[in-house]
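Here's the structure we're looking at; comments come further down.
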Amino acid sequence: QIFNQHNAEALNLEQAFYRMAQTEPNLDHDVSWLLLPSYWAKMVVALISFLCFANSYDGDFVFDDSEAIINNKDLRAETPLGDLWYHDFWGSKLSSNTSHKSYRPLTVLTFRINYLFAGGFYPVGFHVINIILHCTISVLMVDVFSILLGGLHFSNKGRRLNLAPKSSLLAALLFAVHPVHTECVAGIVGRADLLCALFFLLSFLGYCKAFRENKEGHTFSVFWVLVSVILGAIAMLCKEQGITILGLNAVFDALVINKINLLELIQKLLHKDKSLENAGLLRKGLLFRITLLMSGGVSILYIRWRIMGTGPPAFTDVDNPASFADSLFVRVINYNYYYSLNAWLLLCPWWLCFDWSMGCIPLIKSVSDWRIIALAALWFCLIGLICQALCSEDSHKRRILTLGLGFLIIPFLPASNLFFRVGFVIAERVIYLPSIGYCILFTYGFSLLSKQAKKKKILAVAVLGILLINVMRCALRSSQWRSEEQLFRSALSVCPLNAKVHYNVGKNLADKGNQSAAIKYYREAVRLNPKYVHAMNNLGNILKERNELHEAEELLSLAVQIQPDFAAAWMNLGIVQNSLRRFEEAEQSYWTAIKHRKKYPDCYYNLGRLYADLNRHIDALNAWRNATVLKPEHSLAWNNMIILLDNTGNLAQAEAVGREALELIPNDHSLMFSLANVLGKSQKYKESEALFLKAIKANPNAASYHGNLAVLYHRWGNLDLAKKHYEVSLKLDPMAPGTKENYNLLRRKLEQLQKKG
């Protein structure tokens, strides 16, 4: 029965081809490719797109995921949902001068839902949603490409016909397996691009539904045009590129619905011809629909502008060096070079990198630079395609080439630096939507070659080989995105001049405790970019821990000289100066850090340590209290307050602080230990014992915990238990200070008791 249904569907398709062939050419006539029923074509695309990226499902949070997800307070339940509409993608207020101005509240909302259902930051759920989204988008591409390549046609019953099933399947497969999409799928932050693409395509398909034929003849539905505008707005709330679908809908309307000849229209406009109505501009309600699209777009942009504020995002020259060049010539040449590199990534997606900034692509500063050839090649191809799209006598060719170029160029415009400065040189994620245009042009080129080729099967095998290579490349690249170590190291061969790549490799090594290797990469990052203050700060930190204080001081001093408001570097400089016993300079550095970052609990903690070293106990307690006010879970600050009060004989106050701390951080064993010591000195032995035992249960290998519990039992008169815990403490740490002496005293006392007995 299923076989008969498929045969019936294939027969219907053949009849549709026959009807279409009488009116205009069809790509599928010349394409040697699989002919599958629509349902099976979508199943194949879904399966292959899943296979490409399935191995990324259990990856970690990598690169930008940390800032956008783990450190983003907008994901947590305590943040009101309403705040999402006034914060940027990274959780900062849009009104802030430091805001990135990337407004994607719906994407952040999906992250929040992920976090809620997972019960925490577990990356599997985040990755699975990304894979499902890409599979869904790839399936929708079958319908989208059938319209773009075969035209928009409906049966008498209002069912849309797919007149290019082979071509649309090939184009959808090309899209599904393109390796440049790995960043969007395997990187969780790429969900912004995936959600944007989903609603982008739904907006396009909704616009196409507006032209379904009815009994009165060919007309359009205002309802579906408005639905398309709303879906475009939703796409923009996922990522800024989404707004471009309104322009593409207008282009599609003009070319496919109204069949306007752009060259003829331009000529009539130039000659002020009054017969524009005959050119199709006012036919079938085109002007009305374009007015609706434009009104919707302008309204969306105005609301977005009001929410964002008038100030542009603040980027630096390392983010996008070409945009900071003084010479207009240098800016234009390099922007065009970036375009050529984006085009090359679509054509040959072999060299992929998580970040292309910081010297990865040196600026072109003169026409003698051989890389000018890339610009010439790009514009030679583009001009050739544009000429064919405008001047070809074949209306079918004009339509497909114009739509291909439209989908290639228009979604890329927000990332082009033409309207505003962007914060990157190249970003693979922004090519997700433009790759639709690439797939259209590739498929059309394949159909032209098939038409000329004598051995069409060889050509089909070659295209199949490209698809298989792309599948393998996607799988390999997805595995590299599973962990930061693999991701960062994969970039070393692609962008060896990128200081950020070396910085991230070094940071990853430092996090794993391999400081010697981390130093090497941090030094290389600073060599490649002598103004890289974050690399200087991290390198200075490692050198500080290795007691190489003078070099650490030099690096941190240089960092704050380059960026005077770098609060973290000021704090670390203060720590180094404190270690060098230059206390006044250290205090000044700490206060400078706090000046630039008013809510800086770690800096108040270190300032308190400085005051404690100077015996300025009141100032130390105040500093630590400030740290705990700003960060109630700051365990070290609480502990230091308890210990200082204990050491200065303020046992009652120490006990009160300890109890307050444990109410806020009830499972912190170090706080239990400190409070237990205070209670023991206050002769509250039972309560002290309970806290010691609880601390030991949480951290059984801490020698000091057993040693101090033994002292408590010693005072309390429980000598056998004291002996037991002294022995455990010495076994864990034979050099534990004071424990051996106390143990020997206990043994002598026990021997005396035995003699008396």
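Every residue, even glycine, has its Cβ placed from backbone N, Cα and C.
Taken from TrEMBL, the feature transmembrane segment applies to 39-57 (among others). Using a Cβ-Cβ cut-off under 8 Å and counting only residues 6 or more beyond its ends in the same chain, the transmembrane segment (39-57) has close neighbours at 6, 124, 127-128, 130-131, 134-135, 138-139, 141-142, 165, 168-169, 172-173, 176-177, 182, 185-186, 470-471, 474-475, 478-479, 481-482.
Tertiary proximity for the transmembrane segment (106-125) is limited to same-chain residues at least six positions away from its ends with a CB under 8 Å from its CB atoms, namely 57-61, 65, 68-70, 72, 74-77, 81, 84, 87, 89, 91, 188, 191-192, 195, 234, 237-239. Per TrEMBL, transmembrane segment is recorded for 106-125 (among others).
Same-chain neighbours of the transmembrane segment (131-151): 20, 24, 26-28, 38, 41-42, 45-46, 49-50, 53-54, 56-57, 160-165, 167-169, 171-172, 175-176, 181, 184-185, 191, 194-195, 197-198, 201-202, 204-205, 208, 252, 256, 399-400, 403-404, 407, 436, 439-440, 443-444, counting only residues six or more beyond its ends whose CB sits under 8 Å from a CB of the stretch. Annotation comment: TrEMBL describes 131-151 (among others) as transmembrane segment.
Same-chain residues lying 6 or more positions outside the transmembrane segment (163-182) and placing a CB less than 8 Å from one of its CB atoms are 13, 16-17, 20, 26-28, 31, 33-36, 38, 41, 44-45, 48-49, 52-53, 56, 134, 138-139, 141-143, 145-146, 149-151, 153, 345-346, 349-350, 352, 428, 431-432, 435-436, 438-440, 442-443, 446-447, 463, 467, 470-471, 473-474, 477-478, 481. Taken from TrEMBL, the feature transmembrane segment covers 163-182 (among others).
TrEMBL lists 188-208 (among others) with the feature transmembrane segment.
Beyond the transmembrane segment (220-237), the same-chain residues lying 6 or more positions past its ends with a Cβ under 8 Å from any Cβ of the stretch are 103-106, 195-200, 202-204, 206-207, 209-212, 243, 245-246, 249, 284-285, 289, 292-293, 296-297, 300, 304. Positions annotated as transmembrane segment by TrEMBL: 220-237 (among others).
Annotation source TrEMBL lists transmembrane segment at 243-266 (among others).
Taken from TrEMBL, the feature transmembrane segment applies to 286-305 (among others).
As annotated by TrEMBL, domain 'DUF1736' applies to 311-383.
Proximity of distant same-chain residues to the transmembrane segment (372-391), defined by a Cβ-Cβ separation under 8 Å and at least 6 residues beyond the stretch ends, is recorded for 262-263, 266, 333, 336-337, 339-341, 343-344, 364, 397-398, 401-402, 404-405, 441. According to TrEMBL, the transmembrane segment annotation covers 372-391 (among others).
Positions annotated as transmembrane segment by TrEMBL: 403-424 (among others). Residues 100, 148, 200, 240-241, 243-245, 247-248, 251-252, 255-256, 312-313, 315, 319-320, 322-323, 335, 338-339, 342, 356-357, 382, 385-386, 389, 430-431, 433-434, 436-438, 440-441, 444 of the same chain lie 6+ residues outside the transmembrane segment (403-424) yet bring a C-beta within less than 8 angstroms of a C-beta in it.
What TrEMBL lists as transmembrane segment is 430-449 (among others).
With a threshold of 8 Å between CB atoms, the same-chain residues lying at least 6 positions outside the transmembrane segment (458-476) that come near it are 32-33, 48, 51-53, 55, 170, 173-174, 177-179, 181-182, 349-350, 446, 449-450. Annotation source TrEMBL lists transmembrane segment at 458-476 (among others).
Long-range neighbours of the repeat 'TPR' (499-532) within the same chain, counting only residues 6 or more positions beyond its ends whose Cβ lies under 8 Å from a Cβ of the stretch, are 63, 318, 353, 355, 357-360, 484-485, 488-489, 491-492, 538-539, 542-543, 545-546, 555, 562. Annotated repeat 'TPR' per TrEMBL: 499-532 (among others), in sequence order.
Helix, strand and coil residue tallies for the repeat 'TPR' (533-566), in that order: 27 helix, 0 strand, 7 coil [DSSP]. The annotation repeat 'TPR' is assigned in TrEMBL to 533-566 (among others).
Confidence over the repeat 'TPR' (601-634), given as mean pLDDT on the 0 to 100 scale, stands at 95. Taken from TrEMBL, the feature repeat 'TPR' applies to 601-634 (among others).
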Tally of DSSP helical, extended and coil residues in the domain 'DUF1736' (311-383): 36 helix, 0 strand, 37 coil
Intrachain neighbours beyond the transmembrane segment (188-208), with Cβ under 8 angstroms and 6 or more residues off its ends: 61, 63-65, 68-69, 89, 104, 106-107, 110-111, 123, 126-127, 129-130, 133-134, 136-137, 140-141, 143-144, 147, 152, 160, 224-225, 227-229, 231-232, 234-236, 238-239, 241-242, 244-246, 248-249, 252-253, 411, 429-430, 432-433
Long-range Cβ neighbours of the repeat 'TPR' (703-736) (under 8 Å; 6 or more residues past either end): 669, 673, 676-677, 680, 685, 688-689, 692-693, 695-696, 742-743, 746-747, 749-750, 753
